[in-house]
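Enquirer: Straight from TrEMBL, here's the annotation block:
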type	residues	note
BINDING	Asn23, Lys24, Ile25, Asp26	GTP binding site
Amino acid sequence: MALFDSLINGVWYKHKSAILFLNKIDIFKRKLAYSPISTHFPDFHGTRVTPAVDYFADRFRDINSTRGRRN
């Protein structure tokens, strides 16, 4: 998250469009079964895939501080 923040809000990308692809859902599903997200992100509770994907999508959207850039 810190790396994405420094890139997307940095000087070079501040006024540029960006697309973030959250792919590899199959790997994410497998890992979610044995590695709880709450271990590293205590504000997330649950083990279901869809809420977990939504959680990360929201986190990345929130990091984008450039007003006017589409989410």
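Note that Cβ sites are derived from N, Cα and C of the backbone, with glycine treated the same way.
Bear in mind that TrEMBL entries carry predicted annotations, made automatically and left uncurated.
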Enquirer: Quick one: give me the count of other CB atoms within 10 A of the CB of Asp26 (GTP binding site).
Expert: 8
Enquirer: Across all chains shown, how many C-beta atoms besides its own are within 10 angstroms of the C-beta of Lys24 (GTP binding site)?
Expert: 10
Enquirer: When you measure from the Cβ of Asn23 (GTP binding site), how many other Cβ atoms are you left with inside 10 Å?
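Expert: Summing over all protein chains shown, Asn23 (GTP binding site) has 7 other Cβ atoms within 10 Å.
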Enquirer: Measure the Cβ-based neighbour count of Ile25 (GTP binding site), defined as the other Cβ atoms within 10 Å of its Cβ.
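Expert: Its Cβ shell of radius 10 Å holds 10 other Cβ atoms.
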Enquirer: Name them in sequence order: residues not among Asn23, Lys24, Ile25, Asp26 whose Cβ is within 8 Å of the mean position of the Cβ atoms defining the GTP site.
Expert: Leu22, Ile27, Phe28, Lys29
